[in-house]
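These notes are about the structure you will find just below.
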Amino acid sequence: GLFIAMMLSLLFLVLLRFTAGVLFWIFIFGVIGIIGYGIWHCYWEYDHLKGIPGSDLTVYDIGFQTDFKVYLQLRQTWLAFMIILCGVEVIIVLMLIFLRNRIRIAIALLKEGSRAIGYIMSTLFYPIVTFLLIAICISYWAVTAVFLATSGEPVYKVMANQTLCKYANLTCDPETFNTTNVTKLCPGAQCTFAFYGGESLYHKYIFIFQLANAFVFLWLVNFAIALGQCTLAGAFASYYWAYRKPADIPLWPLFSSFGRAIRYHTGSLAFGALILAIVQLIRVILEYLDHKLKGTQNSFTRFLLCCLKCCFWCLEKFLKFINRNAYIMIAIYGKNFCTSAKEAFFLLMRNVVRVAVLDKVTDFLLFLGKILVAGGVGVLAFFFFTQRIPVFAQEVPVLNYYWVPLLTVIIGSYLVAHGFFSVYAMCVDTLFLCFCEDLERNDGSTAKPYFMSAS
């Protein structure tokens, strides 16, 4: 199933070179058609209710009703629906008219991304490297966390009347307790288990060590992701800035980009990962506090925690966006993180409309690709598990409950498709930044020719 998912993902990426525009416009006109049908249906309901007793009442007249069907018997409801749908339809049509050139650029960049991946096929398998690095980070974190959690020892204390026994609540050894004078001086005293851990300075700060371990884990994972993004960006940038494609593309663009990232950009990647890890650790601490204080919080505390979690979630998303584009600029120019982040941010702000259109078009096509891959593999797995295909009838054991393996195959296929399409998304983002930079640096003349392809 995973092999089929890989083949389908590769096939979809190849077909995007020829079908990106067709798929997008089919979707857009499909949405326009559905909204148009909704407008017609609202008008039909509005006209159908004409003359029916009670249909001319307003929403204000009947007040609040728990049964929503009551509102569907009013002409005013269908008139409101019709006006809203008309407004949405007009907005979509106007956006298509005024943003048509940006949409054409976005579709051209998607096709160019498919062409670039065709020339540098090795990039499709780089997510395996990132997966192995993250697996090592997870293993390191898990082993360290287990060692920290099990580094304590059982602590036993004397349980006795504190007013009559001076040894009450002191540490004791259950094996030698009966041979000491405590039982004679404090009749009825017992050496019982108190807690697991210890009373040394080290044991008191185990929670801090666990937090430090979690912080190192987040830092390493973000560094592995940053290394992958910078490596892929460098490979695709070498494709874009080759004046004659594919003759001027370096021999091993992915390997060369990986070597540059390790040799020259490790500090910048680590700094970007550090900033993101700090924000993520704060989010983890906020979630921990929310879990611990649940049930004891007042309304203001809950509101404050909710606002903080929301703000840091937005901050994390913004930093991921900035870091991703900063790594692209680092791969292109080799400057430090702060300079690259500033230049990438202002370059994107100067092309903000193009950014918005490209993001939406890319997100739609990649989501469609993931659904098609997961759905296609799911259908094949369904026929396989239910033995609908005669050739499999003798090979597949009879399953009384096949939904668990079926869902496993579908989720695995979706993740495989996500790995391939993440490379494609990185390719499109890199080509877009190079495209914007190319427009600002060159004018298409003989002295300053564009590096972009004719399309």
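Along the chain as shown, the residues are counted starting at 1.
Cβ coordinates are placed from backbone N, Cα and C, and glycine is handled just like the others.
TrEMBL labels come from automatic prediction, so no person has curated them.
The feature transmembrane segment is assigned by TrEMBL to 12-40, 78-99, 119-143, 216-243, 264-286, 364-386, 398-426.
Counting Cβ pairs closer than 8 Å to the transmembrane segment (216-243), the top stretch among 12-40, 78-99, 119-143 is 119-143. Long-range contacts of the transmembrane segment (78-99) within the same chain, counting only residues at least 6 positions beyond its ends with a Cβ under 8 Å from a Cβ of the stretch, are 28, 31-32, 35-36, 38-39, 42-43, 45-46, 49, 72, 353, 357.
Only residues 6 or more beyond the boundaries of the transmembrane segment (119-143), in the same chain, are considered here, and those with a CB under 8 A from a CB of the stretch are 10, 13, 213-214, 216-217, 220-221, 224-225, 227-228, 231-232, 235-236, 239, 245-246, 249, 253-255, 419-420, 422-423, 427. Non-local neighbours of the transmembrane segment (12-40) in the same chain are 81-82, 85-86, 88-89, 92-93, 96, 103, 107, 110-111, 113-115, 117-118, 124, 361, 364-365, 368-369, 372-373, 420-421, 424; each lies 6+ residues outside the stretch with a CB under 8 Å from one of its CB atoms.
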